[in-house]
């Protein structure tokens with residue numbers, strides 16, 4: 001199908017991003033449904049090459065987006081191209097300028113933030129491209145882009161039900177990547193900053209981001225993998241308007257103009273949220289600033305929680321002084337970072353942003369402490385108003401066990417809440433006083449029994465009249481005490497009735513003071529209900545803990561399964577490689593043995609030939625010596641010299 005473009009869509013001009021009519025024309029020429037892809041990421045990582053491969057396939061060598069093999073950046077701003085699809089609609093690819101180039105780029109830091117913001121609000125799939133592998137800096141950059149996604153007015157925001165998909169594409173991957181790596185990559189690790197980035201990504205994008213590995217261009221699996229990527233992108237939901245209708249190219253261009261006008265016309269996009277994170281900034285945060293902030297916040301929280309409250313809560317001036325002291329400590333301990341730079345330090349904006357976040361955190365700690373103290377004071381005042389005795393005031397030796405004198409002044413009326421508090425206090429005091437009275441009665445009865453037993457054991461006074469007198473005295477004391485006990489209960493009952501009578505004319509209700517037994521039963525029922533609520537809460541907490549434990553165990557099982565699968569795959573690969581190497585070694589040994597056998601056989605044959613030749617030579621010499629007569633034998637004479645020579649020849653022959 002026909003490809004429209006590429007054409008420039010956004011260019012940087014004197015600190016501002018400007019729309020280009022050529023790119024808007026490309027967008028207006030395509031209809032719905034649209035699959036809009038923005039490729040973002042670092043500089044010189046192959047974003048333009050990936051876009052060309054998705055657009056043209058094998059014919060992308062000399063066409064499409066501009067590419068290069070030099071070190072300098074190639075893409076400037078944002079370029080766009082579109083390819084009409086056979087079933088209708090189009091595939092729109094936006095190639096964005098790379099960030100983090102050491103030689104700089106045409107876009108400012110805010111410009112990169114704006115491009116990332118537009119990529120989020122205008123794409124159906126955001127493709128973040130890296131080269132070779134993926135590291136924490138890429139996750140931080142995506143986290144900043146996700147945080148900056150809400151930096152405009154509500155009418156310009158993307159609908160919450162149409163979040164874009166996120167694809168992490170590793171170009172020229174050096175490692176095996178899969179779904180297990182993607183899950184571990186976006187799991188919240190230790191550290192507040194790293195967890196914040198991953199939480200922002202999870203909230204801004206669709207769940208389960210994809211992690212894809214693309215081999216190098218010369219690899220035989222490159223083009224099949226490109227085809228799979230194109231198919232996966234086309235299966236993603238197309239761009240739609242807030243009303244749910246599929247968006248066309250003209251509507252996409254109109255929305256782009258609206259978003260850019262909103263961003264350029266106001267400071268809605270925060271600089272701290274829009275700037276990409278450099279490697280130096282990430283190292284400075286993780287190694288110096290984050291530990292410093294945590295240390296100062298921890299000490300400040302401990303100090304704020306342990307300050308005693310005198311004459312009310314601390315004043316606002318004291319709070320501001322405490323915050324200023326903590327911020328001064330931050331300035332003093334981070335001053336060396338500013339002094340390390342020359343002139344206007346590049347880390348000054350980062351320090352200012354971290355300082356502002358620290359100030360907000362400390363003020364939040366003060367608000368939480370003040371709120372807790374206010375709640376404690378309210379509970380204390382409520383307890384004093386209700387006159388609920390504590391365990392100490394309800395002890396048997398407390399002076400509060402005396403009969404309270406209710407207010408009989410006609411001008412002082414009891415309110416309903418005050419009455420309920422007084423009744424509850426009365427019931428608690430009656431219960432404590434009643435238990436003390438029962439204990440005293442038991443002591444008297446036990447004393448009477450002990451005295452009777454002692455007197456009965458004395459034989460000389462067994463029938464003495466003194467024993468009867470003592471028993472009468474103790475019984476009288478016991479009866480008097482029981483009478484006082486009943487009179488005390490009656491006085492408490494009358495006091496409660498008087499309290500109710502004072503309340504009835506004012507509140508227009510008719511109520512009867514229950515007896516203290518029923519009030520005690522009601523109190524016990526309330527206590528039972530509180531205990532049941534506590535047990536239910538404990539069961540709920542245990543259930544939640546069990547669920548969290550089950551989730552943790554499930555995650556551990558999944559990780560173990562992944563590790564087992566990885567070990568099995570590694571074992572298979574090692575076994576296959578070992579088998580291939582053993583086969584090659586066996587073949588080499590067989591060839592070596594065969595060659596040695598051949599050499600040995602050839603050597604045996606050579607030795608045999610030499611032996612035969614030597615034997616034939618010896619035989620010829622013997623025959624020649626036998627057939628040839630000596631000169632002495634021919635002359636028939638012998639001489640001493642001839643005898644000596646013959647002996648010499650015989651010895652030589654031997």
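Every residue gets a Cβ built from N, Cα and C, even glycine.
Note: TrEMBL annotation is automatic and uncurated.
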Which range is coiled coil per TrEMBL? Of 479-522, 523-566, it is 523-566
Among ranges 579-616, 617-654, whichever one TrEMBL labels region 'Disordered': 617-654
Region 'Disordered' per TrEMBL sits at which of 337-361, 362-386, 387-411? 387-411
Give me the mean pLDDT over the coiled coil (523-566), rounded to a whole number. 78
In DSSP terms, the domain 'Guanylate-binding protein N-terminal' (15-145) comprises 45 helix, 35 strand, 51 coil
